[in-house]
Every structure is written in structure tokens, then in C-alpha cells.
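Chemist: Just dropping this structure here.
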Amino acid sequence: MSEPAISISGLALAILLPWLAGISGALLLIPKGIPGRIPVVAGMGYFLGAWFSTLAIRGVDALGIPLSFAMVATVLAGFGLVLALFAVDRTPRQVPYTTPEDSVSITGKLLIALLFLLMGWRYFTILGIVIEQPLFGWDAMMNWAPKAVVWFHQGELTEFVNPSTWLQHGNAAEPYTLGNPPASEYPEMVPLIFLWHMLGAGTWDHPLLQLPWLLAGLSTGLALYGFLRMRRVPTLLSAGACYLLLSLPFLNIHAVIAGYADLWLASAFSIGAIALHLREQQPAPGVTLIVLLMALICIQLKNPGIILGLILLLGTIRQWLKLSWKTESVIILAGAGLVAYCVIMGVRVEVPGLGLVNVGTAGFQLGRFVVYDFQFHPEVTTPVLRSLYSMGNWNLLWYLVTAGILWRLRNAIHWRRPGTLGLILTGIFVFYFVVFFVSSYHYHAITYITLNRAILYVIPALLFWVFTFCTPEEVRDS
């Protein structure tokens, strides 16, 4: 059986056009003249561009114009050109949280070259898997890809509704529904990314349509490397962190299987969290905008992204307020008390733009994100520890993270006001504890269905934390 026809040039344009538009946007947000700017702009630009492509599709569809690659590409190219013109005129500006490039010995350069060679080879072999042995994730093909396929054939963003609503329409041709009841109401950014590349390729059924996921993995590594250089982490250590990230088996799985939102969510959240840390070192409008954009992208990617996006927004508010640690402690304790009161007494309120917020002893609902069956499940402990320290999903990453935490605790006497990145990561793990130890989602931890995908969301930001805060100051200043 022959493969379906595909427009290679169209697919290449679908990949490059939004990427260039995203790079133009990133150039406006990242000041010139600092180490790491180029890889950050290239890496973050890929995700900004993907988001721009979804906005262009939504805009064309909202005008009632049939979706075609030429029309959407024209809108996207025009937007990218405007951004590029602004980026060219931007005045260079040095920011104080960076230093000139560090000098690297011949041995160091050889090690860096070896690391990048290994990463290149790894992703070359992944490309071979995409082309010769394409894998199709059941979850992705059931919940995410069908929307893109329908929109591709219909030439418009046909409505999807839950099965009960769909049944009320009788034999009508529209709307559509999906077999998994909640899936019809999932955020639509990932199907729109899929649709954009289908329009460029001229087909909905070809292995090369998985390339955006492979490039998402590489772009995440580029962004991590660049951000570490911005924080004065030596080039060799920054390359080592990039290698650790891109060699993770579980990340590679998501780079080779199209359709899932998890890799995109991990990248968007981590870029936003790291940008928050950079903003804390030196407030800048461009860096603030990065955080806000990444929070918005998180919310549009997946239901858990609502929580991750809100956490980024809370981190931004914290930096704006600049309260003392004692005041923040009082607010945190008061917030915990308020949550406890809402759980005990029950609260149900409709929040504009977010949806229903329902909190009680049975569980809680925050817009589309729902958790129920509150009770502690100690049996989750063994699967969690096995996943982190025994299985092959994360290599030896969690041993490194544990060592980093112990290193920080060793120097606890020198702690001052906690940094926003550390608080964000702590908040995420508290959220995970509630979801997997104290709710109906404990089953997804015991069976490893969702556990590792949730862990993936914080991995790039966690690696940044380890290599930034556990690198001695004298090494970063050398």
C-alpha cells in the first residue's frame, strides 16, 4: 500500500513560516547583546509561531472564509512581516543579569561538540522512526487528531459537542462529537497546530505530519540552553543540561508520537516559569510579556494547562506586588484557610472567562478541569517512587534533582526571600500531590497512565533550577 501524496514544499513552508514569525516576535521580547539570545529566540520562536498559526486559522474562519493553506499563510506572513519590521528597528539593550561569553578550553569545546553530536544523532534516529515506523498514540488519535481531520475535510472549524448534545441534533450533518465524552470540549490549540500542517502538506494522513512534535522537542532544548547561558551558567554545563533534557526517554516518546499536547504544555509552562525567574533578576516589559503569553498558551493547550497558566499569572502578580516574605506567608496561610473553608462549606460560582468554579468535600472543578473523590491514597507512593527512580522514563534525572535539593538544604542558613521559580515548582508538586494522592486521579498514578505525562510538564524548568541554583556562584561568575 503506497503512502498518500504529500506536498513536501507545502509542509516545509508550514513549518518555516510560523517559525520565522515566532522568531520575529521573540526578537522583540529578548534584548540584544546577551549570551544565549539566539537559541532562546529560535526555541521560543517555534512555540510562539505555532500559536500564531492557530490565531491565523481562527481569524480566517471567523471571517467566514473557507480554510485554505494559501489564505491562512497570507495572514500569517503579513503578521510575521510586521513583527520583523519592528524587530529590525529595535534598539540594542544589554540587561544586567548577563555577562559576556565565558571562555571555553579546547577540551571543553570538544565535549560540547560531542554532546551536540549525540543530540543530533538521537533526533536523526527519531526522524527515521517517524518516516519508516510511524507510531500513532491511541489517546491522541481518539481525542485530538479527529478534530483536525474533520476541519481539514470541511474547510472550516466545525463545532464539536459532547455526545448528549450531539444526540439532540438527530440526523443533522453537524455538529460532530467524539467517542470520549469530555474530549469534544478539550482546548483546541493542538488540533489547530495539526490542521495547519495538514493544510500545508495537502493531506491529513502522512507520517511527516508528526514532524512538529519532533521539532517541539528540539526547540525546548534550544530554549533551555539559551536561558541557562543568560543566567551565566557555563557553556559546557548548559550544553550538558540540554543533553540531559533531549536524551530523556519519555520526552523522546512525545517527540515521536504526534497528537499529544503534553510536550507543548511542558515547553510553554517551562519557558514562562524561567522567564519569571529572569524577570525577578531584572524586570523588563518584554520578559513580562513572555510570561503572560506562555500562561495564555498553557490555558489553550490542555485542561491541566488552566492550573499551570494560573500559577504563572500568580507568579507575575507576586513579582508586581513585591511583598515581604512575612506578608506573603500570612497570605499563603490565609489562602490555605480559605481553601479549607470552601472545601468544608462548599462553594459554587460562575467566573466569566473561566467557567464554573465548584469546590466541596466531593472534589473541585475549575472551568474544564475537574477533580473529585477526595480521600488519601497511600498506595500511590510506590508507583510514584518507582516511576521517578526505577523505571527508564527519566534516566538518572531524579537522582540529580534529589542531590540538587539536598545541596540547597545544606545552604538553607543563607536563604533569603524565596525565589518565584522555586515557589512555582513547589506549588506544582503540591498540586500533583492533591491530584494523585488525594483524588480520583490516584488510579492514573497507580497505572502510570497520566503520572509521567504530568511530571513532564515541569522537567525543563526543573533542569533550569538545578543547573542555575546548584551551580556555585564563583563558577557562574568565572
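Just so it is clear, glycine is given a Cβ too, placed from its N, Cα and C backbone atoms.
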Chemist: Between the candidate ranges 182-200, 391-409, where does TrEMBL place the transmembrane segment annotation?
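Modeler: Going through 182-200, 391-409 one by one, TrEMBL gives transmembrane segment for 391-409.
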Chemist: Ranking 6-30, 63-88, 208-228 by Cβ pairs under 8 Å to the transmembrane segment (109-131), which is first?
Modeler: 208-228
Chemist: For the transmembrane segment (63-88) and the transmembrane segment (6-30), does the number of C-beta pairs under 8 Å, pairs 6 or more apart in sequence, reach 3 or more?
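Modeler: These two stretches do touch.
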Chemist: When you look at the transmembrane segment (208-228) alongside the transmembrane segment (290-317), do they share 3+ Cβ pairs under 8 Å, ignoring any pair fewer than 6 residues apart in sequence?
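Modeler: Not in contact, no.
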Chemist: For the transmembrane segment (6-30), give me same-chain residues lying six or more residues beyond its boundaries with a C-beta closer than 8 angstroms to one of its C-beta atoms, as numbers and ranges.
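Modeler: Long-range Cβ neighbours of the transmembrane segment (6-30): 37, 40-42, 44-53, 69, 73, 76-77, 79-80, 83-84, 86-87, 90, 196-197, 199-203, 206, 208-209, 211-212, 215, 286-287, 289-290.
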Chemist: Establish whether the number of Cβ pairs under 8 Å between the transmembrane segment (208-228) and the transmembrane segment (454-472) reaches at least three, counting only pairs separated by 6 or more residues.
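Modeler: Counting Cβ pairs under 8 Å, at least 3, so yes.
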Chemist: Would you confirm whether the transmembrane segment (421-442) and the transmembrane segment (454-472) meet the contact rule of 3 or more C-beta pairs below 8 angstroms, pairs 6 or more apart in sequence?
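Modeler: Yes, the stretches contact each other.
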